[in-house]
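According to Swiss-Prot, the protein has these features:
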- 1-68: topological domain 'Cytoplasmic' (TOPO_DOM)
- 164-169: region 'Selectivity filter 1' (REGION)
- THR164, ILE165, THR273, VAL274: K(+) 1 binding site (BINDING)
- ILE165, GLY166, VAL274, GLY275: K(+) 2 binding site (BINDING)
- 200-230: topological domain 'Cytoplasmic' (TOPO_DOM)
- 273-278: region 'Selectivity filter 2' (REGION)
- 317-535: topological domain 'Cytoplasmic' (TOPO_DOM)
- 410-438: region 'Disordered' (REGION)
- 510-535: region 'Disordered' (REGION)
Amino acid sequence: MYFSYIGYFFLPPLVAVPAAAPPVCQPKSATNGHHPVPRLSISSRATVVARMEGASQGGLQTVMKWKTVVAIFVVVVVYLVTGGLVFRALEQPFESSQKNTIALEKAEFLRDHICVSPQELETLIQHALDADNAGVSPVGNSSNSSSHWDLGSAFFFAGTVITTIGYGNIAPSTEGGKIFCILYAIFGIPLFGFLLAGIGDQLGTIFGKSIARVEKVFRKKQVSQTKIRVISTILFILAGCIVFVTIPAVIFKYIEGWTALESIYFVVVTLTTVGFGDFVAGGNAGINYREWYKPLVWFWILVGLAYFAAVLSMIGDWLRVLSKKTKEEVGEIKAHAAEWKANVTAEFRETRRRLSVEIHDKLQRAATIRSMERRRLGLDQRAHSLDMLSPEKRSVFAALDTGRFKASSQESINNRPNNLRLKGPEQLTKHGQGASEDNIINKFGSTSKLTKRKNKDLKKTLPEDVQKIYKTFRNYSLDEEKKEDETEKMCNSDNSSTAMLTECIQQQAEMENGMVPTDTKDQGLENNSLLEDRN
């Protein structure tokens, strides 16, 4: 039974799609000058696959990958297990009840007929089963019943062999019959496959004409191609169901005396080549069938198999097309996603680099402005403090300068040398008192060089209040240099945050508005207090 499915799907001679479609499947009137639309038919060149894949494919089929085969195998196994569980749940209770019923019937028969032993009863039942397996009904008078091997019945049995249906209600019992059945099936099944192919081609022609008319009508109404294909498929299946399923089911219900469910069950099981054999047309020994009844049933099986083969082939083609289109769409989506990711990554890197450069430049400018403002404010404060000293006190500071020196390039303003010396009280003029405040402050601002060049003897002879003022200026200069170094390090680091930029800008704004930092104000107040005490 499974061989029929293999033939329908994998062997070209056995599939109902063998030859070129007749030209009537694509009439010129149906095209209206446009490209022909994919049509549902049984012919191989009129199938959906041939039209949707295009002539570039050349009819070549790709080999299925092992991963796909394993995945399908797993799905089939799961499907089989599910079906087995459902059938067991539905049929096992009935089987158990039948076992109990036959056991009770046998016990009751032996109780009513004491003269019959259990062994004799079992022998009688076994003979009845053998007769039934041989095709002889043990019910009623078997001598008056029709033979299972008359010409009509034998013809019907031969048809079930080459169609691979195999109902199983009758089977050859002799060795000669079994050997002939093997040879008959080997040569008959391929021959029947060719016949199915020819009938399928003719059915494709008939349905192709009908579907072309339907497509022409819908194309005039400007219906989309997808809707046309869906409607054509539905009409194709409905027409086949009416001709090959509904009408035969009604006939079998009337002749065989079956219910509607049993009739439809027999039709579907037969046309799918399953053939359980529990229901067989012409197999009721109590009905006198006409001689032409069984040959007519076999002819219906022939045409119905061709139709069902076309339906199954069409479903398989649609699945292949959908699978291929899905793979192509997934590939396109992956390509677009990769391209989009690359573009976004490049844009992100460029934006990050640009922002990093801008932030770094702003931080550098802010740090430079802050350093210059601090230096300017510190110089102003020192100059103001020195101006408050008397000429005698300033002469003492002038004595500390034993040699000429200048500020470092880092601390000097505009890299100018500081060559100005403080003069004594007798040499101090009005011009000397107010001249070059910047050079004076730069000398005292360079604490490192001042420490190296200062005269230790003069330092020891300085008064205590002057030493306090000197230490205050020195500590203040050291603190200022440390703050400037820390600010430059923070501004030059790669991981500087925008918070530092905000702080620098705020401090710059405060300095531009004339606000003096708190530490500078405190230091100035302390210097003023020391000077007042000294005076």
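The backbone N, Cα and C atoms fix where each Cβ goes, glycine too.
Here the binding-site residues are ILE165, VAL274, and the one ringed by the most other CB atoms within 10 angstroms is ILE165. Counting neighbouring Cβ atoms within 10 Å of each of the binding-site residues (GLY166, GLY275), the lowest count belongs to GLY166.
The DSSP breakdown of the topological domain 'Cytoplasmic' (200-230), given as helix, strand and coil counts, is 27 helix, 0 strand, 4 coil. Between the alpha carbons (Cα) of THR273 (K(+) 1 binding site) and GLY166 (K(+) 2 binding site) lies a span of roughly 8 Å. Across the region 'Selectivity filter 2' (273-278), DSSP classifies residues as 0 helix, 0 strand, 6 coil.
Sorting each residue of the region 'Selectivity filter 1' (164-169) by its DSSP state yields 0 helix, 0 strand, 6 coil.
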